[in-house]
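Lifted from TrEMBL, the feature list:
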{"type": "SIGNAL", "residues": "1-25", "note": "signal peptide"}
{"type": "DOMAIN", "residues": "50-109", "note": "domain 'Partial AB-hydrolase lipase'"}
{"type": "ACT_SITE", "residues": "SER184", "note": "active site, nucleophile"}
{"type": "ACT_SITE", "residues": "ASP322", "note": "active site, charge relay system"}
{"type": "ACT_SITE", "residues": "HIS355", "note": "active site, charge relay system"}
Amino acid sequence: MALTELLSLAYLSLLLALVVQPHEAYGSTRGSFLSNDGSAAVNGICATSVTIHGYKCQEHEVKTKDGYILSMQRIPERRFDGNGNAGIKKQPILIQHGVLVDGMTWLLNSPQQNLPMILADNEFDVWIANTRGTRFCRKHVSLDSSQPEFWNWSWDELVSFDLPAVFDFVFNQTQQKIHYIGHSLGTLIGLASFSEGHQADTLKSAAFLSPIAYLSHMNTALGMVAAKAFVGEITTWFGVAEFNPKGQKASAFLKRLCNYPGVDCYDLLTAITAVRDGVIAKYNYGRPDYNRMHYGEAEPPVYNISAIPRNLPIFISYGGQDALSDVKDVLLLLDSLKFHDEDKLMVQFIKDYAHADFIMGTNAKDIVYNQVLRFFKNQQ
């Protein structure tokens, strides 16, 4: 099978891991294939998923240093608050979505069950981030999303450009240090970025749900292929950053994907380069001389998770049924944090939780979100 076809299948295989494998809840981007001009974003996340429930919501645009224009949503106060708390400074929280989805995923459950609205109802100033290439982030200062150059990036750019841009924006708007919440890819971006010291002056604490940092204990070929799909450059081959896995055609395709003739998952692992030797490394340009041009060394450098400041308050929650964030890999992450200040690290293990349950689980409020709330309130 041609490499481009394999990469396209790898890109979709993650959705199979999250959507087709049985768990309590299923995530979705709540949309279909989108036009390249971003016209699907006319009715943004605020209008379609927030204000209809009685919350105030603001749409913002943030420009990265490399020219991408990112969409952000702000829920500044609890539902039906009116002007009762006008002028009161609330602690800002930045929420970063997972791979192949956008910020709307956080809002798919009811207001009583989704994390952004629960946080807003508990007097936090909630900011929802969306990464480049997702359906509400198809703008650039000079490129059109129909051009291949628009998609010429990997998840390294999410670490180096997207996350710093949204952090700076929220800090400039609020003049307060920021709590961070990441799920899946959002944890990978956060861990890598914080290990590089990018948000040292603006980060207050961090919560990682279903964290991705080490990927050496995948126990199925599907899981390994799915994990490798974290690199954004795969969108160059497939042409979009997300689609609706609950659609009839997509569902039928995903159910057939594992049995697709000619797919050799083992060989595919060598074609995608975000993960090397079981750790998260920067993008591999494929030739030692190219790598030397960018990094000064023949191999891409590894993100050093242990370099995260030891006094940063961290909350980690992971599940025993997670196809991507394997328990043994999370234990490797915790080992990287073994010198972290003991009173600054809180860890939760949920035996029956899978990857999407942290977002879509109907009992996530009681099991996970209440713990997240307690953690953040302890940092006030």
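Cβ coordinates are placed from backbone N, Cα and C, and glycine is handled just like the others.
In this structure, the C-alpha atom of HIS355 (active site, charge relay system) lies 5 angstrom from that of ASP322 (active site, charge relay system).
Geometry remark: ASP322 (active site, charge relay system) versus the residue listed as 'active site, nucleophile', CA distance 11 Å. Taking DSSP states H, G and I as helix and E and B as strand, the domain 'Partial AB-hydrolase lipase' (50-109) has 9 helix, 19 strand, 32 coil. Residue density at ASP322 (active site, charge relay system): 26 other Cβ atoms are found within 10 A of its Cβ, drawing on all protein chains shown. All protein chains considered, the CB of the residue listed as 'active site, nucleophile' has 30 other CB atoms within 10 Å.
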